[in-house]
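According to TrEMBL, the protein carries these features:
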{"type": "REGION", "residues": "1-21", "note": "region 'Disordered'"}
{"type": "TRANSMEM", "residues": "116-136", "note": "transmembrane segment"}
{"type": "TRANSMEM", "residues": "205-225", "note": "transmembrane segment"}
{"type": "TRANSMEM", "residues": "231-251", "note": "transmembrane segment"}
{"type": "TRANSMEM", "residues": "335-356", "note": "transmembrane segment"}
{"type": "TRANSMEM", "residues": "376-393", "note": "transmembrane segment"}
{"type": "TRANSMEM", "residues": "414-434", "note": "transmembrane segment"}
{"type": "TRANSMEM", "residues": "466-485", "note": "transmembrane segment"}
{"type": "TRANSMEM", "residues": "497-518", "note": "transmembrane segment"}
{"type": "TRANSMEM", "residues": "541-562", "note": "transmembrane segment"}
Amino acid sequence: MPSGSASDPLLSRADGSSMEDDDGIDVAAVDHRGRPAPRASTGRWRSALFIIAVEIAERFSFYGVSANLISYLTGPLGESNAKAASAINAWNGVAQLLPLLGAALADSWLGRYRTILIASLLYILGLGMLALSTLLSSGNHKCSNTDGGTPCSPPSGLQMAAFYTSLYLVALAQGGHKPCVQAFGADQFDASHPREAVSRSSFFNWWYFGICAGTAVTLVFLSYIQDNIGWGLGFGIPCVVMACALAVFLLGTRTYRYYVSDGKQRSLFARTGEAFATWRTKRRKLSPLAASDSHEAHRAATSVPEYSAQVDEEEQGVVISNADLIEEVKGVLRLFPIWATCLIYAVAFSQSSTFFTKQAATLDRHVGKRVQVPPAALQSFISITIVLFMPIYDRAIVPLARRCTGVSSGITMLQRIGVGMVLSLVSMVVAALVETRRLRIAADAGLADLPKVPVPMSLWWMVPQYVLFGAADVFTMVGLQEFFYDQVPDKLRSIGLALYLSIFGIGSFISSGLVSGIDKWTSERGQSWFSNNLNRGHLDYFYWLIAALSALELVVYVFFAVTFKYKKKAASATVG
């Protein structure tokens, strides 16, 4: 990884943007030796494919832990449905907020390449510890303290400590990995180069296509191993996969383009700290003048011209620094209304890995006479939908929309996000209707107090809500990624992607608070909505609540979206 900066004024435009010289060199970027990066041998899809492969492996590893985590918590660790869901949402919240720290470290100190490298090592350590923590369990891995399953032996304090330490180490690793890998991949395409700019737009679509293909395999393969063979192997395989991903990432080192910051291109957080430190230093230097005696005042007066000149220079530096900082802060804060109006989407999204899975566990999951589908495997329909729909969107819907709108991407980023929010709302309505049907069938079959007996209702009834979530992700997830990468100040793109991830972090915390609050409130009045016996619970009420909040959020989102001014393209100034 190079150090230093490419600051030769003959090699860059006055505005700092990249340009292409006669030899085909993108001089805003450097290669692994710190020299201007030649287009023929660095960047573009050649390098991006290495990075996409790494991200597929990272998503395989992360979802290998998170997708079926509620089964492990309510099984071997013996937690209730509500407590397990709250714990998972809190962990997801931390995992999605830590990228803000990772992005700040990458932008101000380590750089994206080194941050990815360190985060990968932390991933391997955390996943290895997680697999080893399962060996501390003395109980049956198929036990469950919910839904009338075989009771579990209480976990030891050592097992709980080892489990949660390793789990949050995985969250810390994702905090460094997630905001940097996608930004580093997009860095391999020069936005000022006509052909590479088109490729970068497609990169976001195929990036999400790739990671969803990997996730679909994860959800089917690992959930089966975890439910039927053992949790140690189920958590150990992601560790091995992540080690292989690190090796692949290192293989591409010579082909990558690196964008090295000069001293002025630090993160927003670092710039804020520097401005504050400069202000404090200035105050300390001015303070003795007011408190000095007459002798000191006389000495100060004799050197007024020299000292005044020094203060003027410092004040001018503070003004310049603060002016740059204010522009960067304004560039981020103007995105806040869009950020805030996507939080309920994240709340709805978090249900797919918690209550949807517990809901599926109560159904008839047999395919034929011998095959029983693991509950968490139903989440693969989200990824399968994305894998199938993404090429249709990229190759058919976008060209068609482009003819109608004249926008190069077919529809604007905010329009794309809004369509996904509508589909998410419909998905929660469908989930509520399916759960109402499940409760009615359970009652009619006399199974209200027999949670161990599968409800005579096929698991295929739950597929539409997963498919709708997958279609929503094609629009909203990819739209949010591109929006927060493209609309933040150019120097803060890692932070932009971290802001996108923080939507799901805060959304997970909101979901955790909702579950805990509703569980306490409804338990005090008779029966919890999230009862361990779901046949006596009311997940349908919870889904209707989220659907109502999603509808309210959508109205507010549309208001802010139609007034938003895009940073770069005058032709797309507003959402029409």
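Heads up, the Cβ atoms here are built off N, Cα and C, so glycines get one too.
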Is it the case that the transmembrane segment (414-434) and the transmembrane segment (231-251) touch, counting contact as three or more CB pairs under 8 Å in which the residues of each pair are 6 or more positions apart?
no
Quick one: do the transmembrane segment (335-356) and the transmembrane segment (205-225) reach 3+ CB pairs under 8 Å, ignoring pairs fewer than 6 apart in sequence?
no
Could you check if the transmembrane segment (231-251) is in contact with the transmembrane segment (376-393), meaning 3+ Cβ pairs under 8 Å among residue pairs at least 6 apart in sequence?
no
Give the nonlocal contacts of the transmembrane segment (541-562) in its own chain as ranges (CB under 8 Å, at least six residues past its ends).
337-338, 341-345, 347-348, 351, 355, 414-415, 417-418, 421-422, 424-425, 428-429, 431-432, 435, 514, 518, 529-530, 574-576
Which of 116-136, 376-393, 497-518 contacts the transmembrane segment (205-225) most, counting Cβ pairs under 8 Å:
376-393
Beyond the flanks of the transmembrane segment (116-136) by 6 or more, those residues with Cβ under 8 Å of it
54, 58, 61, 65, 76, 102, 110, 155-156, 158-159, 162-163, 165-167, 169-170, 172-177, 180-181, 184, 230-233, 235-236, 238-239, 242-243, 245-246, 249-250
Give residue numbers and ranges for long-range contacts of the transmembrane segment (497-518): same chain, 6 or more residues beyond its ends, CB-CB under 8 A.
82, 85-87, 89-90, 92-100, 102-104, 178-179, 182-183, 332, 335, 339, 342-347, 349-351, 480-481, 483-485, 488, 528-530, 542, 545
